[in-house]
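Trainee: First the structure, then my questions, so here it is.
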Amino acid sequence: MSVLLMLCVPLLALATPGRGTRRWEPCTDLRPLDILAEALPPNGAAGGIRVTQANGVRGLQLSVAAPHAMSFPASRIFFQCDLFPEEFSIVITLKVPNLPPKKNEYLFTVVTEESDGLLLGLRYSPTRLHFLFLSQDAAGAWQTRVTFRSPALMDNQWHTLVLAVSEGSFSLTADCGVPADIMADVPFPATLSVQGARFFIGSRKRTKGLFTGLVRQLVLLPGSDATARLCPCRSPELAVLSIPPVLQGPPGKPEDNEVLKYPYETDLKVTLGSRPPCTKMEDAQFWFDASRKGLFLCVGSQWVSVLAAKEKLDYVEEHQSLFTDSETLGIEVFAIPEAGLFVAAANRKATSAIYKWTDGKFASYQNIPTHQAQSWRHFTIGKKVFLAVANFEPNEKGQEFSVIYKWSQRKLRFTPYQRVPTHSARDWEAFEMAGEHFLAVANHREGDNHNIDSVIYKWNPRTRLFEANQTIATSGAYDWEFFTVGPYSFLAVANAFNGTSTKVHSHLYVWLLGSFQLFQAFLTFGAADWEVFHIGERVFLAVANSHSYDVEMEARNDSYVINSVIYELNVTAQTFVRFQEITTCSALDWEFFSVGEDYFLVVANSFDGNTFLVNSIIYRWQGYEGFVAVHSLPTFGCRDWETFRTAAGSYLVYSSAKEPRSRVLKLRTG
């Protein structure tokens with residue numbers, strides 16, 4: 001549009017009698033004009049304006065008692081002449097309420113003071129957004145309406161809209177998305193006079209149609225489309241061109257005197273129960289954890305303790321013996337909104353089971369046919385909930401595949417969704433990068449060949465299926481672990497056996513240029529698990545080594561009692577370096593968890609060369625000393641650990657690969 005404006009300038013000079021040599025000047029500055037800041041009354045509270053915080057962001061709320069409080073004469077910004085620009089864009093950031101059908105509310109208007117005639121304005125309804133302006137010719141004047149299908153505004157979220165106008169072309173962009181374009185039969189007038197008119201924010205000078213939501217930004221940009229200035233943007237729903245000072249600054253901290261001119265309120269919400277998510281949606285909200293007697297504030301993406309009794313792990317006690325159909329090789333604890341807390345058991349025989357947390361214990365909920373299942377992986381894509389099982393053996397027809405199940409909201413059960421060809425699959429890892437969803441399968445062997453490809457699958461939104469995206473050569477792959485460090489995404493594979501030896505390199509890959517590329521190799525011994533965890537700003541990676549074996553060496557019982565290793569990321573060297581070695585007994589899993597301000601690692605010790613009845617150990621982080629053993633837990637063929645929390649407290653659950661019973665342990669704190 002700015003090119004068109006530049007062309008019109010000399011033409012206008014030539015077409016004006018007696019003014020061919022006079023320099024043309026616009027009626028107002030060609031810079032962003034902050035309409036909202038202009039309309040703010042200097043007396044704040046007396047003007048009926050209230051500063052309100054919603055979803056961690058400040059906005060202005062109008063008073064029904066003073067629908068014309070937010071207004072100012074158009075001459076304040078149209079100081080050169082009284083013509084509204086022919087080309088312009090309007091940027092508005094708002095949070096709208098739910099409206100009943102057929103109700104309309106005005107976002108802003110320009111109204112003549114004498115006749116109350118509407119010169120132009122913007123209003124919305126539950127399904128439409130209307131841009132209104134006065135058109136006239138020799139036959140008279142009439143109101144023209146350009147209507148857009150309303151973007152999904154009534155979702156209790158903030159949104160930024162850009163309306164761009166150029167003659168007969170009208171464009172609406174919501175949250176830097178795809179613009180909706182309309183070529184109208186009646187163009188916007190080139191000579192719309194605003195002499196003797198006023199801008200009204202959120203009203204048409206009267207109570208009827210008053211905007212009842214929150215407005216954060218309202219900017220007029222003459223001469224150009226503001227979309228190019230705003231987009232792309234990290235937070236497109238809050239894209240900023242110009243915001244009044246009273247609404248600026250960190251959310252939830254009205255620090256300067258400007259804010260104090262206006263009544264200030266926030267949609268304070270305190271959540272009770274188990275730990276809720278802490279995302280942009282919950283920013284500046286509170287969570288009260290009754291079990292820990294603590295109050296926490298969501299800041300960024302972390303719950304920060306505001307008031308809490310210091311919690312310490314005293315001891316561990318058995319809470320439940322969970323009897324299963326057969327030995328359990330892996331467990332997965334997960335929650336489904338509005339459905340509850342579940343644990344999926346990967347059982348050795350033909351049926352695996354899902355249990356639901358009911359009255360303080362896990363109860364049988366659903367049985368699913370599997371083929372020597374090794375592990376489960378729960379993940380979500382949007383509102384869809386999935387559960388993938390890694391099958392180790394083929395089915396009765398000799399077909400070898402693993403299955404992805406999808407949660408049915410109607411049946412309240414998991415139903416088969418997609419079969420994926422796998423080879424003695426040990427593990428699934430689900431992760432998301434840049435809004436795209438992936439699944440990585442650890443293929444252990446094909447026949448007697450352990451040196452085969454494992455596969456990374458990518459979700460195709462069009463077909464709604466996972467499709468092979470990349471293959472990675474692995475040796476007896478046992479586990480995948482995905483994590484991020486700053487802007488970088490990593491994927492670690494635990495290689496357990498190359499056909500002749502368990503002394504093989506496990507690998508860490510980094511996502512570069514659209515694929516995972518080798519970043520670092522680690523010498524491991526029958527690696528069965530990777531566990532990544534953070535302590536403050538430090539990043540650690542622990543490997544569970546299960547067995548030191550080579551076909552050329554004699555079998556020795558002590559080959560199962562070996563060191564597992566914890567590595568720490570050296571940011572300067574850009575590599576993981578050895579931090580601590582811990583003696584383990586055929587370790588198959590690490591699980592990291594915290595209690596109060598303390599951090600812990602628990603290891604799944606499965607076999608010491610003589611017996612499967614060995615103790616698994618809980619280690620506590622002690623800074624310079626590293627991890628120190630604090631609790632010794634009797635386990636039998638321990639295969640997998642999971643931790644979870646309910647309103648009643650924190651728990652550990654472990655699966656046994658040697659008996660049809662898993663155990664739920666409660667962490668007693670003081």
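Using N, Cα and C of the backbone, Cβ positions are placed for all residues, glycine too.
So TrEMBL says this about it:
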SIGNAL    1-15  signal peptide
DOMAIN    48-224  domain 'Thrombospondin-like N-terminal'
REPEAT    314-359  repeat 'EAR'
REPEAT    361-409  repeat 'EAR'
REPEAT    413-461  repeat 'EAR'
REPEAT    465-513  repeat 'EAR'
REPEAT    515-571  repeat 'EAR'
REPEAT    575-623  repeat 'EAR'
REPEAT    626-669  repeat 'EAR'
Trainee: When the repeat 'EAR' (361-409) is classified with DSSP, how many of its residues are helical, how many are strand and how many are coil?
Mentor: 0 helix, 34 strand, 15 coil
Trainee: What is the number of residues in the repeat 'EAR' (626-669) that are helix, strand and coil, as DSSP sees it?
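Mentor: Helix, strand, coil within the repeat 'EAR' (626-669): 0 helix, 36 strand, 8 coil.
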Trainee: Who are the long-range neighbours of the repeat 'EAR' (626-669) in its own chain, taking Cβ under 8 Å and residues 6 or more past its ends?
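Mentor: Same-chain residues near the repeat 'EAR' (626-669) but 6 or more away: 272-275, 290-292, 311-333, 341, 343, 345-346, 348, 357, 360-362, 375, 566, 579-580, 582, 588-591, 593, 595-596, 600-607, 612-620.
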Trainee: Taking the repeat 'EAR' (314-359) alone, what is its mean pLDDT?
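Mentor: Mean model confidence (pLDDT) across the repeat 'EAR' (314-359) is 96.
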